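Let me begin by presenting the structure, written as structure tokens, before commenting on it.
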Amino acid sequence: MTSPLRVVSPLLVLHLKPVLTSLPQLSRSFLSPRRLFAPINPRALLCTAAARDHGGRSGALTGPPVMEEEELVAKIDVNPPKGTRDFPPEEMRLRNWLFHNFKEVSRLYGFEEVDFPVLESEALFIRKAGEEIRDQLYCFEDRGNRRVALRPELTPSLARLVIQRGKSAPLPLKWFAVGQCWRYERMTRGRRREHYQWNMDIIGVPEVTAEAELISSIVTFFKRIGITASDVGFKVSSRKVLQELLRRYSLSENAFGKVCVIIDKIEKMPIEEIKKDLTSVGLSEDVIKELLQVLSIKSLAELEDILGSGEAIADLKYLFSLAEKFGYSDWIQFDASVVRGLAYYTGIVFEGFDRAGKLRAICGGGRYDRLLSTFGGDDLPACGFGFGDAVIVELLKEKHLLPELSLQVDNIVCALDPDLRGAAATVATILRGKGQSTDLVLENKPLKWVFKRAARANAQRLILVGTKEWEKGMVGVKILASGEQYEIKVDELD
């Protein structure tokens, strides 16, 4: 009987036969010519997760299942997974514009760029019970039986890198990153399961000047893209406000973290649900009443009447005085209900919000002086913020401020004769070597098509390579904006 391996080339047989003959579980029907050369369903190439007893989470990766022959020709779903996005050219231009502004503002403030793996240890994000983020992780066990997760935020990765660098990193550190993050959460306008986040962090500065600098950088970004103080504001408070209030009732540190998570949902849940949740963590009715009363305060003077002139009030007063010096007093307001939902915040916290109230929080951050010790490192004073890409795009749409970003190239190069395509390639290479973006017409197209292509690409010049001109070492040039035409030597093109 003829071996099915004979249907492929002798060279391929030489490489495949030792492998295939060592796999007795592969049937002869699978190695038939029809199966070997059948169209492949891309789904068959994806790894599948085997269920294991890990609290309902997916287990180690396994090989792809063997598909029946008729399944191999099934069409794939052309839409991206729910909550994720494609970036076709027009969307990519917008993303690049946004990221450029993130990075340019970071540069203006003297920050250095860093990045981290998208895939991190799951333990990096499992800090305290009650945090919403625990239930939003994309996590699984890899083939080395390690629990890993797609990062839902960047700050823990930053903390890990700071600990890794140890004392070799001179303080203060002023780092920024623009990275992809993943959270399995309910989607609303401006909230997706996959998004990009701009982070700026300052490590090693205990004074409130660091928070003031960070808010200033966000205000600078908003101004660059046309957003004003009438469009966006910042709600500012301090975790120390709650700490000082609840200290009167001897509330444990563990319970304090849970209270912060509950309070962070105060604008998203009915007040009766908030009261119920606060009761479940051990707060009495009287404590809840006083707590909600304090959280409704919008004036520092009124808060000082209740708490006295403690550390929380001192920090907030200093921040508001610095805001005047930076020139963004009209952007910020005190709001005691702002606590942020992540457990690691310890002091000043802030959120950027849409004054029209149509969108969720635009950005948020604060001080996290005790984060490093949760990973076994030595604590350092630190603060930072996270700024997602999705909400700001929605805000720009709302305000009709989206920039018009079209394809733009410097040159279109076209051969007027098929025999001159090589010459056209030479011209394109020369222009590209001089740093000019150049679109080379690769097919034999009529000039009418070439002019339409130049218009779509917003090209500045059309370079025509004709027989007579090329024989003289020259090309024809047409300036598309003015219609001016001339001939020039190839080595004089610039």
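Every residue gets a Cβ built from N, Cα and C, even glycine.
Pulled from TrEMBL:
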BINDING   Glu153, Leu154, Thr155, Arg183, Gln197, Asp201, Arg340, Tyr344, Tyr345  L-histidine binding site
DOMAIN    83-418  domain 'Aminoacyl-transfer RNA synthetases class-II family profile'
Could you state, as a whole number of Å, the largest distance between Cα atoms of any two of Glu153, Leu154, Thr155, Arg183, Gln197, Asp201, Arg340, Tyr344, Tyr345, the listed L-histidine binders? 21
Model confidence over the domain 'Aminoacyl-transfer RNA synthetases class-II family profile' (83-418) (mean pLDDT, whole number): 90
Would you count the other C-beta atoms found within 10 angstroms of the C-beta of Thr155 (L-histidine binding site) for me? 23
Going by C-beta under 8 A and a gap of 6 or more residues, the same-chain neighbours of Glu153 (L-histidine binding site) are Phe125, Ile133, Cys181, Gln197, Leu342, Gly386
